[in-house]
């Protein structure tokens, strides 16, 4: 297997398995700190916006021109906007209200509780399927970024990994509530993240390693559009809901500053002959 594919596969595994970290929040603590998750989501949103606009879209415009760069960028936006219409949005199922019903000892209360558990379990499974579909193009993005250079691949993998932690919570929380099994919750959240390296494997056979540089820059511009839409459509609203608008905005700018600093230090630390 080509070394670029192996690097992309390793980076996508980092991002995909971060859903397992989200599941650990649920396994260790039944009520995860939503404010902390919101701040983490805001921080990841800052990383993603920085990558999208200051790196991927910027390089595409400089390499293939303003018009082509923008066309590729908005093609990515439109593509993921269409895809998102068919993907259920992950939600954190409320536990407290359901647990209140558990105290009702009569048969009717038990029936309601059993029905509620089935509904929550179905919600968790649908969320896992949706996140798997959602992670597939993220794996493609990491692969294309790695073809451009290690820096781009690392940055994308880091931002996606942070973004995937709350997604792991979104899968594990309803499954754990419905089944009372920590292992089932952890297993389903982990499996949903493995769609990301699967995306790398499939796209590696669709795109040759000697891809035309102009096409590669255009595809990376489209990846920038995908990441921008993902950030504004999913990550920022969740960050606002969980952490509050003011805290979330601060976390976004902190994430952008962190990404700028990481770009600077990464470029200085990598060997001169390594592609960036």
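Keep in mind that glycine also has a Cβ here, set from the backbone N, Cα and C atoms.
Annotations in TrEMBL come from automatic prediction, not curation.
The feature transmembrane segment, as given by TrEMBL for the ranges 69-87, 88-106, sits at 69-87. Sequence-distant contacts of the transmembrane segment (219-236) (same chain, at least 6 residues past either end, Cβ-Cβ under 8 Å): 41-42, 44-45, 48-49, 51-53, 55-57, 59-61, 64, 69, 72-81, 84, 89, 137, 140-141, 144-145, 148, 152, 156, 159, 163, 211, 248, 252. Long-range Cβ contacts of the transmembrane segment (69-87) within its own chain (Cβ-Cβ under 8 Å, at least 6 residues beyond either end) map to 57, 60-63, 130, 133-134, 137, 217-219, 221-226, 228-230, 233-234. Of the ranges 6-27, 156-176, 188-207, the one with the most Cβ pairs under 8 Å to the transmembrane segment (39-57) is 156-176. Residues of the same chain lying 6 or more positions beyond the ends of the transmembrane segment (6-27) and with a Cβ under 8 Å from any Cβ of it are 33, 37, 131, 135, 138-139, 142-143, 145-147, 150, 153-154, 156-157, 160-162, 164-173, 176, 182, 185-186, 189-190, 192-197, 199-201, 204.
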